[in-house]
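Marked as brassinolide binding site by Swiss-Prot: 55, 82, 84, 101.
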């Protein structure tokens, strides 16, 4: 098994606390609402949302995958940090054992935020992750962020 790391940063005009609340803490209900073309639903299979919780993310018809299951590893409200692992489903395929993800949202002096994202791909056997595959995953995550950001800009009273 190999482990391939991919780190990226992206900025948002939304303040860190508000973005953490909307994108991370309430994302299970907000993201299917603002990006139904990407995610149909998110349901807790086990747990209450904290560490150890297992979530099932269902994708819309026509998507390359039907679902994935994720395990919440850490929710740090004080530092706007969230860690989770993708543990089952189509996105892992025959080549990945799991994907461990960490998102940390940092406030910027201008009132916006920076999302620092770390992904660790745990491969099966001697499989290697291709840069274009990791880039495609980053672009999908960025699209979800922009959908949430647009919603928050249009609804200034939401998730404060």
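Each residue, glycine too, has its Cβ placed from N, Cα and C.
For the recorded brassinolide site, residues 55, 82, 84, 101 set the reference point as the centre of their Cβ atoms, and the other residues of that chain within 8 Å of it by Cβ are 70, 71, 72, 73, 83, 85, 103. Counting only same-chain residues six or more apart in sequence, the Cβ atoms lying under 8 angstroms from the Cβ of residue 84 (brassinolide binding site) belong to 70, 71, 72, 73, 100, 101. Cβ neighbours of residue 55 (brassinolide binding site) (same chain, under 8 Å, six or more residues apart in sequence): 28, 42, 43, 44, 45, 69, 70, 71, 72.
The record assigns 55, 82, 84, 101 to the brassinolide binding site, and the maximum Cα to Cα distance across that set is 14 Å.
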